[in-house]
Amino acid sequence: MAVTKITDLNLKNKRVLIRADLNVPIKDGQITSYARINASLPTIITVLKQGAASVMVTSHLGRPTEGQYDENLSLYRVVNYLQQKISIPVRLIKDYLNGISFTEKQLLVLENVRFNKGETKNDETLAKQYAALCDIFIMDAFGTAHRAHASTYGIAKYAPLVCAGLLLYNELEVLSKALNQPVRPMVAIVGGSKVSTKLMLLNKLSKISDHLIVGGGIANTFLAAQGYNVGQSLLEPNLINKAKQLLKYKNILLPTDVRVSQELDNAATLKHIREVGNNEKIFDIGDESANRFAKILQQAKTILWNGPVGAFELTHFRQGTKILANAIVSSNAFSIAGGGDTLAAIDYFNLNDKISYLSTGGGAFLSFIEGKTLPAVAMLIERNKNN
């Protein structure tokens, strides 16, 4: 891969700035998942061990009004957690755009980049201010690599030296291999609510997968394209013709039985797809379909999963996603999962350590699989030519 990685550079006595993805979920003032921080730790610890003169890490958190400080979205909670994981002092720096005074043996966390006006617009002046803070910029935030922001793309343009962190490099390696050199059979699962949000993903995976399992609300449009009544289920009528075109790929697999109800909080009824009533809504795939898909998954050598196949948050619409998840982890396949809802389902079923690779990207994960250019990665590649 044409990206300089962290191990290619000598960091000793250098000022190093790491752009991590520390955008953790917060509820009632508490971090509810430390997964993104933990995923960033190997890069941070590697830099600390390399003898850098100063080590800085920054990230965005949430969506504050740009240019305004919001204590609820401050990185101070992240600092508190990092201090538990790192033996040297960890300091939060709020005012850093005009330079930083620092002492050795400290990790400096630069406050939420979205508090800086111009961050999401990739303001050139702001990008140059970031770049002036460091000798080496390490891009390690795969989750934001699809955004051309000042702290991901702009700084990479102006920093003296740039490279990919361990997390970003690993994400690119794993996903590239799965897409370009998969061990076959390759099975993909695409769930979620709307076809419109995953049209490019479906199009790409239908071409490279041996089997493409479609579930969730997305499946409703495909079922309607086959002539089935989906009642009051979530449906995108304007995409039925597109679904018909995709169904020409004979590797797309749809449920033949489903769990329905008139509302999410009502009891579920298991029905063949031909039996869905006019007032019913589909909220999960049925057991027959789930078990049929499970057998295919257990024969796979590569599995790519994005999106639950039902409303797994509710007990009566959980079974389909649970059966597929268990089939994935009991297979001998190299399994990759990405997307917030997918990772939430995996976490709910306590299968985090049984999936081969959990991608930290949501939008970036989808964009990469779809074949889109990730601006921050493209800039790293461009700079690599000149490093």
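Every residue gets a Cβ built from N, Cα and C, even glycine.
The record from Swiss-Prot ties Asp21, Leu22, Asn23, His60, Leu61, Gly62, Arg63, Arg114, Arg147 to substrate, and of the options Arg36, Arg77 it ties Arg36 to that site too.
For the ATP site, Swiss-Prot records Glu313, Gly339, Gly340, Asp341, Thr342, and the single candidate of Lys157, Lys177, Lys198 listed with them is Lys198. Comparing the Cα of Asp21 (substrate binding site) with the Cα of every entry in Lys198, Glu313, Gly339, Thr342, these being the binding-site residues, the smallest distance points to Gly339.
Among the binding-site residues Asn23, His60, Gly62, not one has its Cα within 10 Å of the Cα of Gly340 (ATP binding site). Put simply, Asn23 is the one of the binding-site residues Asn23, His60, Gly62 whose Cα lies nearest to the Cα of Gly339 (ATP binding site). A Cα-Cα distance of 31 Å separates Glu313 (ATP binding site) from Arg114 (substrate binding site).
Taking each of the binding-site residues Asp21, Glu313 in turn and counting other Cβ atoms within 10 Å of its Cβ gives the largest count for Asp21. The substrate site is set by Asp21, Leu22, Asn23, Arg36, His60, Leu61, Gly62, Arg63, Arg114, Arg147; from the centre of their CB atoms, other residues of the chain with a CB within 8 Å are Ser59, Asn112, Gly143, Thr144. Note: the Cα of His60 (substrate binding site) and the Cα of Thr342 (ATP binding site) are spaced 22 Å from each other.
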